[in-house]
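As recorded in TrEMBL, the features of this protein are as follows:
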type     : residues : note
REGION   : 316-353  : region 'Disordered'
TRANSMEM : 6-28     : transmembrane segment
TRANSMEM : 53-75    : transmembrane segment
TRANSMEM : 81-100   : transmembrane segment
TRANSMEM : 107-126  : transmembrane segment
TRANSMEM : 146-167  : transmembrane segment
TRANSMEM : 174-198  : transmembrane segment
TRANSMEM : 213-231  : transmembrane segment
TRANSMEM : 243-263  : transmembrane segment
TRANSMEM : 275-295  : transmembrane segment
Amino acid sequence: PLAMGAGFGAGLALALASSAFIGGSFVLKKKGLLRLCGRARAGQGGHAYLREWLWWAGLLCMGVGEAANFAAYAFAPATLVTPLGALSVLVSAVLSSIFLNEQLNVHGKIGCILSILGSTVMVIHAPQEEEVSSLESMAEKLKDPGFIVFAVCVLVSSLLLIFVAGPRYGQSNVLVYVLVCSAIGSLSVSCVKGLGIALKELFSGKPVLKEPLGWVLLVCLVICISVQINYLNKALDIFSTSVVTPIYYVLFTTAVMTCSAVLFKEWQHLVLDNIIGSISGFLTIVSGIFLLHAFRDMPFTPSLLPLFLQPARADPHPPWSTADRHQSCQHQPLLPSEDKGSQSAEEEEEEEG
């Protein structure tokens, strides 16, 4: 059953606040960049945006959002926090259409609705992880044979993708570098979860700084994030953003949910309807993100609608009544004009004979 206590509620609120701040930060920074009239823009190597307070406000919102997302992992299951990160894309799309006059077509609006519905379903059916309230219990979880096997598989597969598949297929297959980011990202979320627990103990007065596990998790987190940023930038440099972003979200979220299930046993005590609800909510969010990104540059005109949904044409008569294109079958000759001419000539010859 769901544990809708103070901790779960705090984690949910922090995850939603994180999405709002991160989504708004993109709009604020874009607004600040657009105000650089006549000055050297960032794309031209300039740094005039450092004088714009809107850009700094966007950077501050980004920092607050990331901090809230970091704190959310200390209170709520990673299976809930990670999928809710998709709402930042929704917030950014809606605010861009309002303040930046960027068009949000029908596909984008449907994607926003699907993302909201999927997030709601996931919140209702979110799994409850086992209690991990101290670094000691976190250390016991990390020693679990199942997690050790999972971590070894992630590291080996990532090394194979980097050194074997990368040089051969990295320039032509989008999955190579995105899989590296997603697999390593699942381990980084586990490190974030452990550091969040360490910070909670630190604020409660425990001597956490003397524990080696906290420092190990911090070093592992820095390494994982560095690898993620490196290979995500490679994927974005080679392939289109509209292709990389949905695929990365799906693979990264799937990897995080798998890692959390192995490490924290989040799905162990769930009933069947909550499992189906969580998976359905996640797939609904995936559909919404796909619609938001894959069709955002596609114009939606009335001509794409079925004929019975298209608006009335300017010509009051239906197109089948125009004489130059479609004549009525009752007024058309049964034979073509050439055949009719030859037939009349034959009749005249018979009469003369």
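Cβ coordinates are placed from backbone N, Cα and C, and glycine is handled just like the others.
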Under 8 Å, at least three CB pairs between the transmembrane segment (146-167) and the transmembrane segment (275-295) (pairs 6 or more apart)?
-> no
Could you give the residue numbers and ranges of same-chain residues that sit at least 6 residues beyond the transmembrane segment (243-263) on either side and whose C-beta is under 8 angstroms from one of its C-beta atoms?
-> 77-79, 82-83, 85-86, 89, 127, 129, 141-142, 144, 146-147, 150, 154, 174-175, 178-179, 181-183, 185-187, 189-190, 232, 235-236, 282, 286, 289-290, 293-294
Top Cβ-contact partner of the transmembrane segment (275-295) among 6-28, 81-100, 107-126, 213-231 (pairs under 8 Å) = 107-126
Could you give the residue numbers and ranges of same-chain residues that sit at least 6 residues beyond the transmembrane segment (107-126) on either side and whose C-beta is under 8 angstroms from one of its C-beta atoms?
-> 2, 12, 76-77, 79-80, 83-84, 86-87, 89-90, 93-94, 273-278, 280-292, 294-296, 298, 300
